Ligand SMILES: Nc1ncnc2c1ncn2[C@@H]1O[C@H](COP(=O)(O)OP(=O)(O)OP(=O)(O)O)[C@@H](O)[C@H]1O
């Protein structure tokens with residue numbers, strides 16, 4: 001028998017293939033099974049155009065058999081088979097795809113299911129096998145042929161016996177090495193799991209002889225092993241099924257089977273797009289936060305299938321960061337794959353799919369907010385932070401897309417409300433969307449700063465998340481209404497007639513306030529008469545972009561750049577304490593200094609800021625108690 005050599009360039013290619021194209025050796029099985037599925041598809045296609053054939057689905061399958069003892073793994077199919085010429089052309093020349101040629105010859109429309117296109121997948125078998133033997137009998141031929149190769153060396157072809165039409169690909173599995181455990185490619189559980197992972201949705205049954213143990217009949221504790229031929233793939237992917245026939249339970253089972261999470265999904269989204277881009281997708285919004293969600297380890301992404309074959313476990317490009325909690329899969333026939341099918345070429349289609357998916361998720365969330373409020377609130381409690389982060393991230397470039405999904409706790413409704421809801425019930429006189437920041441709803445409710453806005457009857461949004469105020473600063477306004485902190489210097493509230501005396505009081509006490517400002521040196525930008533305080537003697541307000549709450553957050557970060565809010569000490573001139581302050585100013589400078597410091601530290605404490613010198617503060621309290 002004459003040994004034929006692979007063509008020169010093929011030799012190099014084969015070497016490259018075996019050593020570098022694929023990152024996971026286990027994909028050889030995906031490639032062989034895909035070839036078998038293509039071979040059956042070809043018969044199916046011929047049957048559509050040739051009346052002499054009848055395609056009976058029962059007769060078409062793929063079988064994977066492992067013989068541990070002899071280290072042989074066999075992938076057999078009842079597909080179209082190969083003639084001697086085809087064996088030579090398709091397996092003797094790397095990068096020659098019989099499947100691509102078949103598609104062209106038969107003018108098969110784009111989108112038909114055949115998987116192969118590059119003419120390289122078959123050679124991935126050499127990653128795990130020392131010898132690859134292919135026994136094939138082509139449809140309409142009486143003679144079978146055996147092709148055999150040990151890799152870069154070349155291959156032989158000879159006549160052989162085979163009863164039925166189809167192909168057996170027989171791999172002599174390599175011996176284990178220090179780095180690689182090849183034995184596992186002969187283990188039932190491993191083979192089954194590789195098939196499930198990559199080829200679960202191949203349309204034809206993939207059979208295996210499965211050995212299990214069972215209780216021996218007539219005994220209570222004796223077990224026996226038995227072997228049964230079983231179909232190990234699911235075949236029809238749920239995403240190709242008609243939505244009308246599927247129940248919530250089916251989606252929940254799929255979610256659990258795919259191990260997207262251990263919880264139940266809060267919501268599923270089933271997309272069958274058939275427009276500019278063709279794809280099917282099943283997406284899930286999990287009920288619970290994945291345990292590693294806010295860690296570096298968490299990887300966003302969707303599973304990506306091409307024609308039912310898994311290409312990528314986590315395709316990150318399909319999800320924006322602000323929807324990184326979404327789980328699920330996408331299957332499309334229109335992707336440009338690279339040769340290893342592990343990566344995509346820079347793909348316009350993929351970008352279109354990603355855009356489409358992003359819009360669908362948003363729409364679903366909006367619907368949920370409107371029609372299933374309880375579910376949305378649950379979702380928002382878990383993942384709302386991510387949406388707010390999305391508003392803030394990338395210099396606010398996604399803020400308009402996300403703003404309608406935001407919710408905050410309302411002082412009036414005592415529950416979460418959307419910005420749309422807030423604005424729609426704003427009284428005509430109200431100019432701003434008011435908010436108050438603090439650690440918790442309870443703490444905010446006690447803030448003296450909220451008094452005047454509340455008394456005016458205006459609703460206040462409570463910001464209890466670190467990110468809230470940062471996000472809102474980027475958003476700037478909603479429906480042309482600006483956001484305003486209840487701590488900001490100018491609240492934009494018209495004073496009542498009898499309150500119009502603040503300016504007079506300011507002038508009256510100008511020298512006192514100037515003195516207090518000097519006592520506090522650089523700690524405050526100004527001391528003023530408060531227009532907002534009712535019951536409390538003092539509070540801090542701020543001027544400028546950085547609020548006191550933001551200062552606190554920035555201070556707690558490792559990259560603290562000592563960014564400070566411009567603080568203003570506001571004094572309630574109608575409070576009893578103010579009288580004492582005035583008397584001290586007139587009679588005793590030391591006392592004025594003592595009172596000023598005490599009031600300033602009180603204001604800090606109310607804001608949740610630490611007093612600057614606790615020892616001095618407690619000494620000062622002792623002084624007034626004496
Ligand atoms: N089981 C099989 N039955 C019939 N023909 C086969 C079988 N396996 C491989 N072939 C033929 O060999 C060719 C080369 O296979 P190979 O897996 O290398 O490439 P491909 O499937 O065409 O493309 P890709 O690299 O994208 O998988 C196929 O196009 C097909 O014509």
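Yeah, the Cβs are placed from backbone N, Cα and C, and that goes for glycine too.
Residues 354-382 are the range that TrEMBL records as coiled coil, among 267-295, 296-324, 325-353, 354-382. The Cβ neighbour count for residue 98 (ATP binding site), using a 10 Å radius over every protein chain in view, is 22.
The residues of the region 'C' (553-626), classed with DSSP into helix (H, G, I), strand (E, B) and coil, number 46 helix, 6 strand, 22 coil.
This prediction places the mean pLDDT of the region 'C' (553-626) at 86.
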